[in-house]
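Q: Relevant sequence annotations retrieved from TrEMBL are reproduced here:
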type: REGION; residues: 1-22; note: region 'Disordered'
type: REGION; residues: 75-115; note: region 'Disordered'
type: COMPBIAS; residues: 80-96; note: compositional bias 'Basic and acidic residues'
type: REGION; residues: 139-170; note: region 'Disordered'
type: COMPBIAS; residues: 145-157; note: compositional bias 'Gly residues'
type: TRANSMEM; residues: 178-197; note: transmembrane segment
type: TRANSMEM; residues: 209-229; note: transmembrane segment
type: TRANSMEM; residues: 249-279; note: transmembrane segment
type: TRANSMEM; residues: 334-352; note: transmembrane segment
type: TRANSMEM; residues: 364-384; note: transmembrane segment
type: TRANSMEM; residues: 413-434; note: transmembrane segment
type: TRANSMEM; residues: 446-467; note: transmembrane segment
type: TRANSMEM; residues: 562-588; note: transmembrane segment
type: TRANSMEM; residues: 600-628; note: transmembrane segment
type: TRANSMEM; residues: 634-654; note: transmembrane segment
type: TRANSMEM; residues: 675-698; note: transmembrane segment
type: TRANSMEM; residues: 718-742; note: transmembrane segment
């Protein structure tokens, strides 16, 4: 069972006593198609190396298959059970009767062969006539999935049913490799890819920004992404269980990840609520942010809203209609019932998608992870046909090499890589814990990380092709207004700026009737295409102001608005799945509420989050949102990821971790990955953390407050109570790391989860054909690995768990 149990959909977590049968090993190496008994005659593919939809076997397998098949066929009909039987059946044997033998009985294998005493054997093998493949049935499992007198293997249908032993828990697993990849891509690819990366690129050197971006991806992004997928798949628990098993002193890392995920989920769903509100508004016959509204007076007259005139229609709709924004964070004013209702709907949708855990969210991601790409492709073909597209793309990708000398460019590149991949939240660890133990997590890490980065660049092309169009339209409209003014004053618009009188100076003009009139030189609009391109904005400003203004210029603007905000909704909600999954999985693994079903626990968490998130549904809610966005995740996540690298490299043991990856994937991680985990990645995160703290200390921190009279935003400093809230958000997240370690040192146990997850090390070693690794000279020098396999500056807290297999 140890060799095949991880290939089925339900998996155990502890104290398995696997029975290493050569027949089962042969079956696995032949990659026979196993199925899970589901209570009827239908078969469902399992998710594992033997499933053709998920083939992660090593090259060594292909060589061993030929040898095993030859030996299997030579064994003939009198094959004995490879494992000794227990109890009263210990002296009995099973044999396989080849096709054509006599005394075939009903249920004994049909025309292809029969089994004698098959109900007494723990594993029965049937040879399929033409393919020489083996199909397996476990002892005592009838065709209906219950215990009976034997397993029916008629009609060429092989079945395997895995049941965990008494007292063991079952763990969910993904339906297929595609489901896992879509869920992980959906989690990693989020709103930041669309509304933050393009802004950072044009701000920090255009095309030159790609150099620090990919450098930080190589030394920070992919290595930590790979580390989290591998450690979750190896230890088969959520973030809390994983780091507690690495070392009881590091259990606080998992709690910190869960707390950060909870805090981020609170405000992240607010963005989803805003997208839902705009999505619904897009179905009106005229987009409500296309024109300024009117103000009606008691005498029946009306005028255009002054606040909208001083700003723009899109700004007015965002700040006044949607947010009902107050003048600062200290004056919340009215409760915003429209956003409150949108928040409630958003949380209900999240819960409905996660009600069955990955079983339900795994189905939803087929839509939420693919739909944004469909919309981006549609917008791409629309954008490349627009006037001014080339100006936008030149502005985005024209390299400014001198910017590479600025430390802030490298800081923002590293920060964007870190947060766009969703590192240190615990979601990646939770997702990978549902994978089979032989999943190729290395390939997944490379694939998802590169997909995330190329999505950012593709989104940048789409966004700036449309921003280029918007900037060109505004620039041309400005020129038309300027020329019309000059024509009315001087009869021509072909005047150099130096030939014009100063603004505000008196000038004399001749009217049509010949009379002379003295007027003051009006203020002419300043038309600057580069300035309009620079005014691209980021975050909510890009999505709800800049992009909506561009969509207003499209024919059929309602259609494009519906597509755009539906895309933002799907980008946000599947990232929310991974964020909340990190919270739920951690609580489940801690067994805080052992009698509470997971769907009820998920509902309680969503209900609590919904109640707290109502704090964003008032006039100052957008300012509180900025506070959470800037501080609930940034610093804590950097600290958590730093300790993740320290925990794996210096506590769990780098060699031990490399051995585990080799067992799971059949390939040992190279020196590059080991160097990143032990040196480069921790150094990069520590540098980003220190640089961020220095930047805040030098420049201070504030929030943009909307000034209605000016139609623009001004920077305000955080009040004292907000600074206290900032300190609370950071400390409540990171203090768990030292607190748990100190409590453990004092003998106080906070996390009582010492159950080791099932991991068939010996079977994986035989399956992949792995030989003991010889420590190289480079490893001795770089990682202080000794001849006996121990490491300098390393304190492993237990054995390799291979005895548990």
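Each Cβ is built from the backbone N, Cα and C atoms, and glycine gets one as well.
On this model, are these features tucked inside or out on the surface, and what's nearby?
A: Residues 53, 271, 358, 361-363, 365-366, 368-370, 372, 416, 419-422, 427-428, 431, 434-435, 439, 444, 447-449, 451-452, 455-457, 459-460, 463, 538-540, 542-543, 567-568, 571-572, 574-575, 577-579 of the same chain sit 6 or more residues outside the transmembrane segment (178-197) yet have a Cβ under 8 Å from a Cβ within it.
Panel annotation: around the transmembrane segment (209-229), residues 200-201, 403-404, 409-410, 413-414, 416-418, 421, 423-424, 428-429, 431-432, 441-442, 444-446, 448-449, 453, 457, 641, 644-645, 648, 669, 673, 676-677, 680-681, 684-685 of the same chain, lying at least six beyond its termini, place a Cβ under 8 Å from a Cβ of the stretch.
Residues 262-267, 269-270, 323-326, 328-337, 339-340, 343-344, 347, 350-351, 354-355, 357, 540, 580, 583-584, 587-588, 593, 703-705, 718, 722, 725-726, 729 of the same chain lie 6+ residues outside the transmembrane segment (600-628) yet bring a C-beta within less than 8 angstroms of a C-beta in it.
Here the transmembrane segment (675-698) has Cβ contacts under 8 Å with residues 216, 219-220, 223-224, 227, 407-408, 411, 414-415, 418, 634-635, 638-639, 641-642, 645-646, 648-650, 654, 657, 782-783 of the same chain, all six or more residues outside its ends.
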Q: Test the contact criterion for the transmembrane segment (364-384) and the transmembrane segment (446-467): 3 or more CB pairs under 8 Å, pairs 6 or more apart in sequence, then answer yes or no.
A: yes
Q: Using a Cβ-Cβ cut-off of under 8 Å, list the residues of the same chain that are 6+ residues beyond the ends of the transmembrane segment (634-654) and lie near it.
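A: Apart from its flanks, the transmembrane segment (634-654) reaches 224, 227-228, 231, 243, 246-247, 249-250, 253, 256-257, 259-260, 415, 418-419, 423-425, 674, 677-678, 681-682, 685-686, 688-689, 692-693, 729-730, 733-734, 737, 783, 785, 791, 793-797.
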Q: Do the transmembrane segment (413-434) and the transmembrane segment (334-352) come together with 3 or more C-beta pairs under 8 Å, pairs six or more apart in sequence?
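A: By the criterion, they do not touch.
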Q: Residue list, the transmembrane segment (718-742) vs rest of chain: Cβ under 8 Å, 6 or more residues beyond ends.
A: 249-253, 255-256, 259-260, 263, 329-330, 627-628, 631-632, 635-636, 639-640, 643, 701-703, 750-751
